[in-house]
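What TrEMBL records for 12-30, 42-69, 81-99, 119-138, 256-284, 304-327, 363-382, 402-419, 489-520, 532-562, 574-596 is transmembrane segment. The region 'Disordered' annotation in TrEMBL covers 230-249.
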Amino acid sequence: MKILSYLLVYRRFLLIVLTPLLLLPLPLIIKTKEAECAYTLFVVAIFWLTEALPLAVSALLPAFMFPLFGIMESKEVASAYFKDFHLLLIGVICLATSIEKWNFHRRVALRMVMLVGVNPAWLTLGFMVSCAFLSMWLSNTSAAAMVMPIVEAVAQQIIRAEAEADALEMSCSNGSINPALELDVIHLLNSVLRIHLNRISVYYNTYLCFSRHDNDVGSTVCTIEKENEKEKEQVLKNPPPAETGRKSREDKYSGIFKVMCLCVAYSATIGGLTTITGTSTNLIFAEHFNTRYPACQCINFGSWFILSIPITVIILLLSWVWLQWLFLGFDFKNMFKCGKKKTAREEASAQVIQEEYKKLGPISYPEIVTLVLFILMTLLWFTREPGFIPGWSSLFPKYKGYATDSTTALVIGLLFFIIPAKTFSRTSNGQNTVFGYTPLITWKEFQSCMPWEIAILVGGGFALADGCEVSNLSKWVASKLTPLGSLPLWLVILISCLIVTSVTEVASNPATITIFLPILSPLAEAIRVNPLFILIPATLCTSFAFRLPVATPANAIVFSYGHLTVMDMVKAGLGINIIGVAVVMLAIMTWIVPIFDLYTYPSWAPNISSTNST
């Protein structure tokens, strides 16, 4: 037992040591560059999936393993760790830092919830829409961490309103006792009184029996006690109507709290699908695709938004319906009631939301500047190469393809370090008060928000992809995957989606997509299918980590509030996983096809002969 306890304590250390040693025969026996690159890939992938080492530390392994194996020079590997993706990430984080610093995200979330009303179903939808909108521009973790305290405040206010409403039901508006409730109370008191009288009778009869030396003491006591127990059971089985109503309301509002919590976790993930900058998996896909297929300029902010916004909206609405049905039942009559007076609980919800919004005060100057820069960044992203009309990049015909979405992000991001956070204010005598110059964000604040681990992780993924190309490992994989071309295309896509959806539940999303992109790209080329046909669904499904609290930081944040059990999340997450994969399959077979002409093998993809072997 002591040995097992030691093994359990040092399991991560043993995994770090044993993984390279057990895989070492691969490069020693098969002395080819493909085998050496595969060895590096397997070691890094196992460390990423198990998180034996921090993700960023594991991502640095190719930086010294590739030069030692003679696959790539150290300078070439180093250049893979900082690419256009990192510049785009820096610009987006500048915007996110300003939004969080000046509480603009909180104002947006509260305003959206106020617009949809306080009916429980609509309130849930309001939280989902606001959290999904925020996660389009912020990280999923930040969106969930911001919205969840508001949800918790509303939930606590509903609990207080529930207690007050139960107290009010004890009396009428004029202070008299409610007749219906009075009968219930009398019924309950009579039952309790009968139980206690029976118990007194037991003690009295026992005394008489002992005083008379009665031999049937035990049987007499047992008989009366059995009658007493039957009386108790009758009271418990048939409680008064008021008690039954209170219990059913408690169950109902417990379900509402679960729905409200889950809607935050899931909408934070779903909203991130919408924009290319919404989640790290989208950014990793875009950089991998543009690096592997530089002749294709079809993946940008605008094209991704057009293909993903219907997916996001459909999954969001179906998830809302699924959560409502699973925990509350889908009551159309109460959900869509109009013109009826609000209940005490709904009034309490509206009150706490309005109070939270009033605490923010009037919109401030930094919030206005942040909003303007946010709108400007979005417009510049959309209008760079919209596709149906010439974009602003056409103003530089000599430098076509030079400016990317990262160019826009950096220009706007730089402004956050320049524009002052405070303006002059006039005193009572008309003079201007001068404040010290402070920009909207500082470098320290930016550093605290910048996900350096993700930046290094993505760099490690790019280094692995480059190593697979240089060593011809990707060509070898493509030749082995060629037989899959005999399967129906929809089945190949579905299998890819199910595999990444399963893996991402136990591994981080960035690690999962980084591992699978170099595998799926050669697969598409081997079966002569437009790579986007397989890569887009796989990228979207990598974000579908809904079933476990540890699957994503957003899930963990929501679970930590204590309203959910693991089984709640497993049941709800499984349904949303199915919904997500089904909607993605529908999208890739319908409206995404004409956007990228998916049924045509593109000229920008390499022609790989099916006879190619290594």
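For all residues, glycine too, the Cβ spot is worked out from N, Cα and C.
Bear in mind that TrEMBL entries carry predicted annotations, made automatically and left uncurated.
Contact between the transmembrane segment (363-382) and the transmembrane segment (256-284) is not supported, since fewer than 3 Cβ pairs fall under 8 Å when only residues 6 or more apart in sequence are counted.
Of the two recorded stretches, the transmembrane segment (304-327) does not lie close to the transmembrane segment (489-520), with fewer than three CB pairs under 8 Å once pairs fewer than 6 apart in sequence are set aside.
Long-range contacts of the transmembrane segment (81-99) within the same chain: residues 63, 105, 137-139, 142, 277, 283-284, 286-287, 290-291, 366, 370, 373-374, 377, 404-406, 408-414, 416-417, 440-441, 445-446, 448-451, 454-456, 458-460, 462-463, each at least 6 residues beyond the stretch ends and with a Cβ under 8 Å from a Cβ of the stretch. Remote same-chain residues near the transmembrane segment (42-69) are listed as 12, 15-16, 19-20, 23, 26-27, 33, 36, 77-78, 81, 452-453, 456-461, 463-464, 467, 503, 506-508, 510-511, 514-515 (criterion: CB distance under 8 Å, separation of at least six residues from the stretch ends).
Between the transmembrane segment (119-138) and the transmembrane segment (12-30), fewer than three CB pairs separated by 6 or more residues in sequence fall under 8 Å, so the two stretches do not touch. Three or more CB pairs closer than 8 A are found between the transmembrane segment (532-562) and the transmembrane segment (574-596), so contact between the two stretches is assigned (pairs 6 or more residues apart). Note on the transmembrane segment (574-596): residues 266, 270, 298, 303, 306-307, 310-311, 314-315, 318-319, 322, 326, 490, 493-494, 497-498, 501, 530, 532-533, 536-537, 540-541, 544, 546-547 of its chain, located 6 or more positions outside it, place their CB under 8 angstroms from a CB of the stretch.
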